[in-house]
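Student: Structure in structure tokens, see below.
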Ligand SMILES: O=P(O)(O)O[C@H]1O[C@H](CO)[C@@H](O)[C@H]1O
Ligand SMILES: [Mn+2]
Ligand SMILES: [Mn+2]
């Protein structure tokens with residue numbers, strides 16, 4: 001019989017907790033998403049629910065302002081670092097589910113090769129413009145009016161292995177954008193080996209009004225080997241993805257999933273799932289921290305989103321059943337005070353909580369992220385994969 005009847009894992013997308021041991025390789029020395037958000041709020045970052053689970057007790061060189069250690073945390077706490085070659089969402093989530101990404105993905109800091117762009121143009125019967133690393137909100141501000149006039153496709157990338165296509169749905173309807181992205185996905189798997197093709201629809205009729213919509217769609221590479229989601233599924237443990245989870249795993253290993261429009265929606269869906277008689281593994285991604293604030297280098301917004309999350313976390317804690325286990329972690333950093341607009345190579349926080357706990361403690365510094373998946377498998381008595389060590393026995 002399982003130790004915990006259900007496991008709920010929430011990924012606060014891009015909330016790192018300090019530079020990872022290999023941050024220098026990524027030019028990310030000094031990155032500290034949570035620490036710098038704390039500094040920005042100068043003591044007013046208020047995350048009481050998460051803090052009481054042990055967020056402020058995680059080993060750090062200096063406390064997070066406003067979220068210090070508590071004497072008797074209600075949960076277990078630690079931090080993890082990843083071994084995957086990249087610091088994107090795909091690397092982080094796959095590694096969490098027992099599949100570190102060891103084969104380097106294709107990066108195109110100078111833009112995509114002509115041959116690839118020409119194929120996209122020929123398929124779409126539209127011209128491609130930009131073809132450079134860009135912030136997704138800046139690129140539509142600068143080129144959106146041109147796109148409105150010409151119908152050209154805005155193709156851009158970032159420090160991640162991503163090919164992103166921005167389209168104003170008034171000139172390039174959503175289904176056409178999706179078709180073009182599916183085509184781009186199909187020709188960038190073996191050749192170019194791009195981690196994700198991302199459809200970036202937006203609306204508006206001038207630079208000041210352009211707004212991206214929640215119809216974003218990520219076409220991720222298919223996992224290259226079985227993940228812990230497949231292992232759970234094969235063992236008959238139901239798997240349910242909330243938010244971007246389905247996209248990140250191309251739906252593989254997931255019985256069921258729901259798209260969300262915001263962090264708040266993601267938490268509402270998670271709370272509903274926990275209140276329901278849904279069984280097995282519930283896996284939630286909250287992407288606003290990343291897409292709306294981290295990449296936008298908006299520490300104020302990031303902190304406010306964390307505080308809103310913490311309120312919802314309080315509701316979730318109240319509806320959890322006695323034998324539920326909650327795990328909270330992140331997939332990479334995205335320090336809003338750091339240079340550039342890319343993810344940052346950081347440790348991620350790890351919290352475990354169940355109403356049944358009668359102790360609390362330190363889970364230490366762990367690696368790879370696969371320890372999380374290994375713990376979920378261990379709980380359900382499923383044979384583990386090659387990566388990860390379970391910390392289940394420490395949870396008392
Ligand atoms: O600037 P936007 O369009 O939000 O894109 C960002 O989001 C991508 C996926 O997280 C990253 O690789 C980065 O390019
Ligand atoms: Mn992410
Ligand atoms: Mn991101």
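Numbers run from 1 along the shown chain.
Every residue, even glycine, has its Cβ placed from backbone N, Cα and C.
Caution: TrEMBL annotation is automatic and unverified by curators.
Per TrEMBL, the features are:
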| type | residues | note |
| --- | --- | --- |
| DOMAIN | 6-383 | domain 'Metalloenzyme' |
| BINDING | 13, 331, 332 | Mn(2+) 1 binding site |
| BINDING | 290, 295, 343 | Mn(2+) 2 binding site |
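Would you situate these features in the structure and describe their surroundings?
Tutor: Residues near residue 331 (Mn(2+) 1 binding site) in space but far in sequence (CB under 8 A, at least 6 apart, same chain), listed by position: 11, 13, 14, 89, 91, 92, 93, 96, 285, 348, 369. Residue 331 (Mn(2+) 1 binding site) falls outside any helix or strand according to DSSP and counts as coil.
Shown in sequence order, 14, 87, 88, 159, 160, 290, 294, 332, 333, 334 are the residues of the chain, 6+ apart in sequence, with a C-beta less than 8 angstroms from the C-beta of residue 343 (Mn(2+) 2 binding site).
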Student: Within 10 Å of the Cβ of residue 13 (Mn(2+) 1 binding site), how many other Cβ atoms can you find? Include all protein chains, please.
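Tutor: Neighbour count, Cβ to Cβ under the 10 Å cut-off: 25.
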Student: Determine the Cβ neighbour count for residue 290 (Mn(2+) 2 binding site): the number of other Cβ atoms within 10 Å of its Cβ.
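Tutor: I count 27 other Cβ atoms within 10 Å of it.
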Student: Checking proximity to ligand 2 here: which binding-site residues out of 295, 331, 343 have their Cβ closer than 6 Å to it?
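Tutor: Once distances to ligand 2 are taken from each Cβ, 331 fall under 6 Å.
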Student: Run through the Cβ atoms and count how many others sit within 10 Å of the one on residue 332 (Mn(2+) 1 binding site).
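Tutor: Summing over all protein chains shown, residue 332 (Mn(2+) 1 binding site) has 33 other Cβ atoms within 10 Å.
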